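Here is what TrEMBL says about this protein:
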- 12-136: domain 'EamA' (DOMAIN)
- 25-45: transmembrane segment (TRANSMEM)
- 66-88: transmembrane segment (TRANSMEM)
- 94-112: transmembrane segment (TRANSMEM)
- 119-137: transmembrane segment (TRANSMEM)
- 146-283: domain 'EamA' (DOMAIN)
- 177-198: transmembrane segment (TRANSMEM)
- 210-229: transmembrane segment (TRANSMEM)
- 267-286: transmembrane segment (TRANSMEM)
């Protein structure tokens, strides 16, 4: 599979996860859903790890700390937060508001790398923020608003995981990175599970639908699709890959509308257009900057 084909396959699965998350969040506790999805994913990766003798690499000195951060901030914490948010908000809102991740990347680059955003990046940021504000103003003081705020406070964790992923040795395969991510996610989610178990907040609805959602999140999304993302960004320009993957809310929005999973409003379409437009603008600016750096 080419990097571009891998990216578009990952894009399709990524567009479906907010819908699966919404369905699953109504059937089980968010932290339990993350843990069980990781178990499903581990079952997917276990034969691969055994055949390729990858288990020993999980605890290599200089590697495991980054894998720990990757699992904790790439899966365990953010998806627990997202699944909790989806108990209140809609898949479309969650997907659209996730576009603020690109703002977090600019902020972290400014704070830790002293990289000042350009005028164009600020302009793109204004568009993203405008799209977010349109949704928040229309959801104000509704149950959705609670979930929307939680979604907005979550994407910085993904950026932390991206930083950890960049620190990993280049010889590690996409399959190993994805498998290690869910293994460490499953480990780091255990204290949260214990907390809710003591508090009495764990629940699970034993229905076929519950297992179907876990199969999708664990085997399809965490398992089969994540290596495709790492394959894509290693085989093509990162800014191009980012520009494509950022459009996944369009799929979430469309499927939700076609199958009547939520009542679609005009303001959501406006918010999507502004947020995606701003994110795409910023991505194209980064692409031009990278091109200039390579030429110089």
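Each Cβ is built from the backbone N, Cα and C atoms, and glycine gets one as well.
Heads up, TrEMBL stuff is auto-annotated, nobody curated it.
Predicted, not measured: the structure shown is a model, and the values here were computed from it.
Sequence-remote contacts of a segment are chain residues at least 6 beyond its ends whose Cβ falls under 8 Å from one of its Cβ atoms, and for the transmembrane segment (177-198) they are 29, 31-32, 34-35, 38-39, 41-42, 45, 48-49, 54, 57-58, 67-68, 70-72, 74-77, 80, 165, 168, 218, 222-223, 226-227, 230. Non-local neighbours of the transmembrane segment (25-45) in the same chain are 75-76, 79-84, 86-87, 175, 178-179, 182-183, 185-186, 189-190, 192-193, 196, 201-205, 207, 209-210, 213-215, 217-219, 221-224; each lies 6+ residues outside the stretch with a CB under 8 Å from one of its CB atoms. Mean pLDDT, taken over the domain 'EamA' (146-283), works out to 89 on the 0 to 100 scale.
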